[in-house]
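Trainee: According to TrEMBL, the transmembrane segment annotation covers 32-52, 243-262, 283-301, 321-339, 351-372, 384-404, 443-465. Residues or ranges marked as domain 'DOMON' by TrEMBL: 79-196. Taken from TrEMBL, the feature domain 'Cytochrome b561' applies to 202-407.
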Amino acid sequence: MYWKYQLGLPAASQGSRSIDGRLRKYSCSQGCVVTMLWLKIFALLTFVMITASTSIDLSACGTSKGCLTFPVGCTGAKCTKMATWTTGTGDTIEFELQTREDGANWAALGLSKSGGMDDASVLACVNGVKTEVRQYYNNGYTPTSLGDPNLGLTVIETSSTGADGVYCKFSRALTVNGDPQAFPLDAEYKLIMASGPVDAGVIKYHAGFAAGVSDAQVNVATSRDWIGGSPDKKILKKAHGSLMIAAWVVTAALGILSARYMKTAWPDSTIADLAVWFQIHRFCMVLTLLMNTIAFVIIFVDVKGWSKIEGTDNFQKAHPIIGVVISVLTVLNPIMALFRPGPTDSKRPMFNWFHWAVGSAAFVLAMINIYLGMLLPSSNFVSITARYLLIAFFALYTLTQIFLEINKCCGNRSSKASDDAIEMQGPGTNIVKQKNTNLTARYCIMVFYLLGTIGLFIGMVVLMIV
């Protein structure tokens, strides 16, 4: 066919066309080869991607394979976190770990004696520089790599793709010698499933990625059940935080403002023969003491003793210490009030200063500590918006004090006695009446403050517990 292309042409022309034809034939052949080569490369890459896109098979769960999956009740592609275990070769357990969550570059299964993250032996599938299996021990809430992270491990398969996330299949010996932090697998534990980001090959705390925990103790050496699990809702931590916010943002702040600025607000009214401002102050401070004490006990119950906060940031370690100081001051101030000198006693001014100093120190420390608490790794359930709301409250409280102080100074300019001259009166004592100046403005400031505080408090608590 090619030589027919030359027929009927002059000799000189035939030679020229012959060379051109050969070039075209060569060019066509080269193009076909390149095209076929790219098709083969594309097919190979597609095959690699498909085969590398490994997903855990859940069909054997409950029969030959034990499984823990989240969300609870999920199946197939709807599961975002999965862990399975079955009998391996010899005295080993074969595990599979996987997370499909966006932004998650590690998936881990924790073996916990208490059900908490702390004091747990951890098997992790990590996509750092490469996808690999690691072993950790949680010292507090900080994962510490074992001296030999490959102790008792045999890696079978690993992969990391966009579709199926991070996946690892490996076996670990039932018992390992040389490191007690690699827990034996033939005992019962609460199983904790977590995932999170990786930074420069180092796993980071699972902020924004909900962890899950098995509802019951599990022995992975014998159990082949599809274990029911539930998200770690951190109910006690949320209760602790919510009570502390209620105690200091709502009741303590209102009690301080009422004692400082509302002594002349109701000169003709009493509650149980005591000034209204004093009853409000006392009621708020008693509530603060009760809620702070309950929250203090709750967190000790939750962490089963002293809070183990490990990390590079000293402010994290300071949170429980500051909390103890606040609790001591909160108990100390009402005890001081029980022994306060009489209104005419020469020691009364000294008491007033100490009472104010202790209360103010407790309040300022509480504001700082609540904010620090929101930054703790164990408080990953707290939205960053809650921090902004706390800052907004403190700004509102500070501005309210400034406006009330201006109002108070303007009102006292024409009055010899000031609010501070009005002492707490005992039952049956006539209430000292003072000239009420600028009270309308003071009422308006307090109403605005209360509405703002209630709104911010509700916002913080909702973001805390949802």
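Backbone N, Cα and C define each Cβ position, glycine as well.
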Trainee: Same-chain Cβ contacts of the transmembrane segment (283-301) under 8 Å, 6 or more residues past its ends?
Mentor: 236-237, 239-241, 243-244, 246-248, 251-252, 254-255, 258, 307, 323, 326-327, 330-331, 333-334
Trainee: Can you work out which residues elsewhere in the same chain, 6+ from the ends of the transmembrane segment (321-339), have a Cβ less than 8 Å from its Cβ atoms?
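Mentor: Same-chain contacts beyond the ends: 285-286, 288-289, 292-293, 296, 299, 351, 354-355, 358-359, 361-362, 365-366, 368-369, 372.
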Trainee: Determine which residues of the chain contact the transmembrane segment (384-404) at the Cβ level, with the cut-off under 8 Å and only residues 6 or more beyond its ends counted.
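Mentor: Here the qualifying positions are 245, 249, 253, 257, 260-261, 367, 370-371, 374-375, 442, 445-446, 448-449, 452-453, 456-457, 459-460, 463-464.
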Trainee: If you run through the domain 'DOMON' (79-196) with DSSP, how many residues end up as helix, strand and coil?
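Mentor: Tallied per class, the domain 'DOMON' (79-196) gives 0 helix, 69 strand, 49 coil.
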